[in-house]
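To start, the structure under review is shown below, and the notes come after it.
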Amino acid sequence: MKEYKGKLNISKARIGIVISRFNETITKNLLEGSLDELERYGISTQNLPVAWVPGAFEIPLIAKQMALSGEFDAIICLGAIIRGTTPHFDYVASQSAAGILNVSLEINLPVVFGILTTDTVEQAMERSGVKMGNKGREAVQTAIEMIDLTDQLSLLRNHPHSSTANNTSVCK
């Protein structure tokens with residue numbers, strides 16, 4: 001059996017971040033955690049593009065524009081959606097997730113879902129690093145791992161004996 005696992009050892013990754021201004025106190029914590037984690041892995045944040053959008057619902061469009069630029073190995077999407085008293089939470093959370101997934105699959109690029117979906121502000125604060133873990137840090141780790149894994153699999157795809165390299169398809 002041949003296993004493929006992404007490794008957390010990329011220091012030259014080109015990463016862009018899309019972040020929601022809504023719930024900015026929380027999203028700034030996520031961004032800070034992401035930037036700290038990027039530096040920890042040796043990825044400079046000095047010229048790192050960070051695109052601020054009004055809310056989580058707008059994240060997929062800007063993530064797609066960044067992905068289509070060809071300038072990035074991965075896009076990290078950060079936001080915080082907190083349940084209120086209306087069904088708005090459900091729509092925004094599900095459509096933001098679906099949009100981010102669609103961008104990743106359409107563009108064939110890691111687009112990481114780093115959007116908190118919580119019932120309370122307290123839960124969001126906890127997950128943004130105020131009391132314990134920071135999901136922004138985890139999003140960076142996911143991006144780095146997925147960059148490495150997709151690189152490994154693209155090398156496999158370009159191998160002379162692969163069905164893709166021979167212009168044949170396993171699925172008919």
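Each Cβ is built from the backbone N, Cα and C atoms, and glycine gets one as well.
Record features, source Swiss-Prot:
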ACT_SITE  His88  active site, proton donor
BINDING   Phe22, Ala56, Phe57, Glu58, Ala80, Ile81, Ile82, Phe113  5-amino-6-(D-ribitylamino)uracil binding site
BINDING   Leu78, Gly79, Arg127  (2S)-2-hydroxy-3-oxobutyl phosphate binding site
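Overlay of Swiss-Prot annotations on the structure.
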residue	record	Cβ neighbours (10 Å)
Phe22	5-amino-6-(D-ribitylamino)uracil binding site	18
Ala56	5-amino-6-(D-ribitylamino)uracil binding site	29
Phe57	5-amino-6-(D-ribitylamino)uracil binding site	19
Glu58	5-amino-6-(D-ribitylamino)uracil binding site	19
Gly79	(2S)-2-hydroxy-3-oxobutyl phosphate binding site	28
Ala80	5-amino-6-(D-ribitylamino)uracil binding site	29
Ile82	5-amino-6-(D-ribitylamino)uracil binding site	18
His88	active site, proton donor	12
Phe113	5-amino-6-(D-ribitylamino)uracil binding site	19
Arg127	(2S)-2-hydroxy-3-oxobutyl phosphate binding site	22
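In the three-state DSSP scheme, Ala56 (5-amino-6-(D-ribitylamino)uracil binding site) falls into the helix class. For the pair formed by Ala56 (5-amino-6-(D-ribitylamino)uracil binding site) and Arg127 ((2S)-2-hydroxy-3-oxobutyl phosphate binding site), distance between Cα atoms is given as 17 Å, rounded to the nearest Å.
Counting every protein chain shown, the number of other Cβ atoms lying within 10 Å of the Cβ of Ile81 (5-amino-6-(D-ribitylamino)uracil binding site) is 26. Among the recorded positions Leu78, His88, Arg127, the ones whose Cα sits within 10 Å of the Cα of Phe113 (5-amino-6-(D-ribitylamino)uracil binding site) are Leu78.
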